[in-house]
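Student: So Swiss-Prot lists these for the protein:
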BINDING   G172, G173, A174, G175, V176, G177, K178, T179  ATP binding site
Amino acid sequence: MRINPTASGPGVSTLEKKNLGRIAQIIGPVLDVAFPPGKMPNIYNALVVKGRDTVGQQINVTCEVQQLLGNNRVRAVAMSATDGLTRGMEVIDTGAPLSVPVGGATLGRIFNVLGEPVDNLGPVDTRTTSPIHKSAPAFIQLDTKFSIFETGIKVVDLLAPYRRGGKIGLFGGAGVGKTVLIMELINNIAKAHGGVSVFGGVGERTREGNDLYMEMKESGVINEQNLAESKVALVYGQMNEPPGARMRVGLTALTMAEYFRDVNEQDVLLFIDNIFRFVQAGSEVSALLGRMPSAVGYQPTLSTEMGSLQERITSTKEGSITSIQAVYVPADDLTDPAPATTFAHLDATTVLSRGLAAKGIYPAVDPLDSTSTMLQPRIVGEEHYETAQRVKQTLQRYKELQDIIAILGLDELSEEDRLTVARARKIERFLSQPFFVAEVFTGSPGKYVGLAETIRGFKLILSGELDGLPEQAFYLVGNIDEATAKATQLEMESKLKK
């Protein structure tokens, strides 16, 4: 981290103008730059191209050195569009990696990959900046305590609980609710934990980024009157950005989160939507950098790139970064190298199912596919563990019986199996929950359900005490008391209809 004596923008100081090169070749987002002998920039140094295009428009493009080619040439990846650049243009070596503003000044603001504000709310205090490339914390600094991170979402807290300071993956194909789940987590965590969040929008839709910002302003997560009281900093490198920006925007967000952890000694939440786009951007650039493609056309450096990002997301003795990452699964194939590489780094996986989404059960979290290293009796306690296992067993048995039901019907099942199916259907519906951020779509007010309430509810269903209630009563409710109240209401309505 660098403390700059004065607040200055990302411009280049006169000191750093000593090292000048010229553009030798441009292939899409990749530039080759020739430097004088003995004046080669280091790998990851930021280069700035300044000048005017043929129409006289001002050009200011920042690039990052990726390779030293020999013959006094370097190959760099542009962080913004290369429109208007021509061969022979002057390139300035800044002598350091990209640095971005960090600290309280970033809260409530939206940044791009370079740490420049893009929300039209004026300049940001850049006296404290930090380079985006750093080493992961040393082993001796790491914190190894286990504790649960309560989210207020029943299916998550019961069946695949999150670890404080852990890494969580949200897996799902297109349109099954990854972004809505992330928005709900930001909302719940800001309200229940009062923690600071950093949101990295990596290669996703600009519209979603805008919706998220508006939503945060409405819910008070971003305080427009006093930005310093906001609970989140936003960093966007959306779908329309060049691959260089999408490849580095995750590191920009992580750098801001690291400052809150290491200097402010806070517990931080880092949201990355979507980690697959980080890999995708790397693969777009990889071929242009002259690397041989690996399996399924991905970059050969896939594991290294992923590791260098993920190893920095961890808990230290000062504070923690709990990271929740949406993972787009291409063609719903979990064996694809991108999601498969991500799996290796995660403490918990929340898998979203298209089948459940089609049934209208939201959040569409697959209770049997989602996993967590925290679901052990010595960590969560015997009661929680037993309840979770019995819920899974009931749902698994229901899954096994579905073929028989489809062919022969429910009547052919034994009494015991029919009871299991009835309870499993209630459990399936009780795992749904109205979200605060989806109130406008569902018309139901959002619900935050504490862990103790969640366990109590599922124990009652499993014990058979609620066998007499209709399964519809368990759909889109908060705790179990709401389900019993809804059952009474449904009974009244049916009597009135008669």
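From the backbone N, Cα and C atoms, a Cβ is placed for every residue, glycine too.
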Student: Compute the centroid of the Cβ atoms of G172, G173, A174, G175, V176, G177, K178, T179, then list the same-chain residues not in that set whose Cβ lies within 8 Å of it, in sequence order, for the ATP site.
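Tutor: What remains near the Cβ centre is Y328, L352, A357.
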Student: When you measure from the Cβ of A174 (ATP binding site), how many other Cβ atoms are you left with inside 10 Å?
Tutor: 11
Student: Long-range neighbours only, meaning 6 or more apart in sequence with Cβ under 8 Å: which ones does G172 (ATP binding site) have?
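Tutor: Looking at Cβ-Cβ distances below 8 Å from G172 (ATP binding site), excluding near sequence neighbours, one finds K178, A326, V327, Y328, V329, V351, L352, S353, R354, A364.
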Student: If you skip the near sequence neighbours and keep only those at least six away, which residues in the chain come within under 8 angstroms of G175 (ATP binding site), Cβ to Cβ?
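Tutor: Within the chain, G175 (ATP binding site) has Cβ neighbours under 8 Å at A357.
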Student: Where does G173 (ATP binding site) sit in DSSP terms: helix, strand, or coil?
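Tutor: Coil, per DSSP.
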